[in-house]
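According to TrEMBL:
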DOMAIN    23-286  domain 'NADH:quinone oxidoreductase/Mrp antiporter transmembrane'
DOMAIN    289-342  domain 'NADH dehydrogenase subunit 2 C-terminal'
TRANSMEM  60-80  transmembrane segment
TRANSMEM  92-115  transmembrane segment
TRANSMEM  151-170  transmembrane segment
TRANSMEM  177-196  transmembrane segment
TRANSMEM  202-221  transmembrane segment
TRANSMEM  233-254  transmembrane segment
TRANSMEM  274-293  transmembrane segment
TRANSMEM  321-346  transmembrane segment
Amino acid sequence: MNPYILTTLLLGLGLGTTITFASSHWLLAWMGLEMNTLAIIPLMAQPHHPRAVEATTKYFLTQAAAAAMLLFASTTNAWLTGQWDILQMAHPVPLAMVTLALALKIGLAPVHSWLPEVLQGLTLTTGLILSTWQKLAPFALLLQLHPSDSTLLVVLGLASTLVGGWGGLNQTQLRKILAYSSIAHLGWMMLVVQFVPSLTLLALLTYFVMTFSTFIAFKLNSSTTINMLAISWTKAPALTSLTPLILLSLGGLPPLTGFLPKWLILQELMNQDLAPTATVAAMSALLSLYFYLRLSYAMTLTMAPNTTSGIMPWRLPSTQLTLPLAASATATILLLPLAPAITTLITL
């Protein structure tokens, strides 16, 4: 892609998200979300492969439906209450519609089925943008909603953690596994978004760091399936030893960084007298942990069938930057000891 066009599209992505961040009016927020969608569509269709075009079309249709639903809900709210202000969304009907529209935007269960299919058709780089940056604007709006009844968000959260765990079990494609991982993580965030918004923000940031590390590690390995991961040890032994730690952190295994948000969320759910919800969420984390362990096992404890002469492929010097991966992997693996400082910041 022409660098000038690429720069324009990336600036459009940034501008759309910034407009949504800065808006207090529903029309302006909707406009920012639309700019975001329109800016990423050429990036998604860039490979000109039928699979990429199909994924782009699916993404466009779901995002257009979510945006239309959001606009309809905000108009209904203005009709019922006379308010266009985001913070003044008080009527339960438009509030529920906006919540479902934003759930469709980010891919929460039960409106999640587009996400694995779309992510599977994209390159790893575009998939990374879709899994991280594209979640920011809808989340900024979700954090500003103040529902009087938290049942809908808890139901969406629990459904997402369960679907994210069950859906990833039978997958062999890494991008689909990461899509179900995204659904499960977003479900954890939804469980506490109405109780402690700062904790949701912490969970979102740690998810971004861990997902960034995972996508970059797979990109450096040029891996898109579990079988390709199994032969990556001959290409990059150091990266192969690091990637399982990143995956287990994504699964929320102590003493890695990914355990921190899960631990704090379960603690908060217990404080809110939601012990059954916390139990179901913790059990669903085991489902997710299984497929991360499966990937780690494939990378480190299996050896692909090779002839003696064909075990070691050419290892040419990598032309890709490894500094971003080094920084994000360090944060993904080693931040748990800072838990007391982080919890102090949350409670301020």
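Cβ atoms are placed via backbone N, Cα and C, with glycine included.
Fair warning: this is a prediction, and the values are worked out from it, not measured in the lab.
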Averaging pLDDT over all residues of the domain 'NADH dehydrogenase subunit 2 C-terminal' (289-342) gives 79
Which residues of the same chain, at least 6 past either end of the transmembrane segment (233-254), have a Cβ under 8 Å from a Cβ in it? 181, 210-211, 213-214, 217, 220-221, 261-263, 285, 288-289, 292-293, 295-296, 299-300, 311-313, 315, 318, 329, 332-333, 336
Take the transmembrane segment (202-221) and find every residue of the same chain, 6 or more past its ends, with a Cβ under 8 Å from one of its Cβ atoms. 124-125, 127-128, 131-132, 135, 139, 174, 178, 181-182, 185-186, 188-189, 192, 228-229, 232, 235-236, 239-240, 242-243, 246-247, 249-250, 257-258, 260-261, 264-265, 318, 320, 322, 324-325, 328-329, 331-332, 335, 342, 346
Taking residues 6+ outside the transmembrane segment (321-346), which of them lie with a CB under 8 Å of any CB in it? 196, 198-199, 202, 206, 209-210, 212-213, 216-217, 220, 242, 245-246, 249-250, 254-260, 263-264
Apart from its near flanks, which chain residues at least 6 from the ends of the transmembrane segment (274-293) lie with a Cβ under 8 angstroms of it? 154, 157-158, 161-162, 164-166, 168-169, 171, 177, 180-181, 184, 187-188, 191, 247-248, 250-253, 262, 265-266
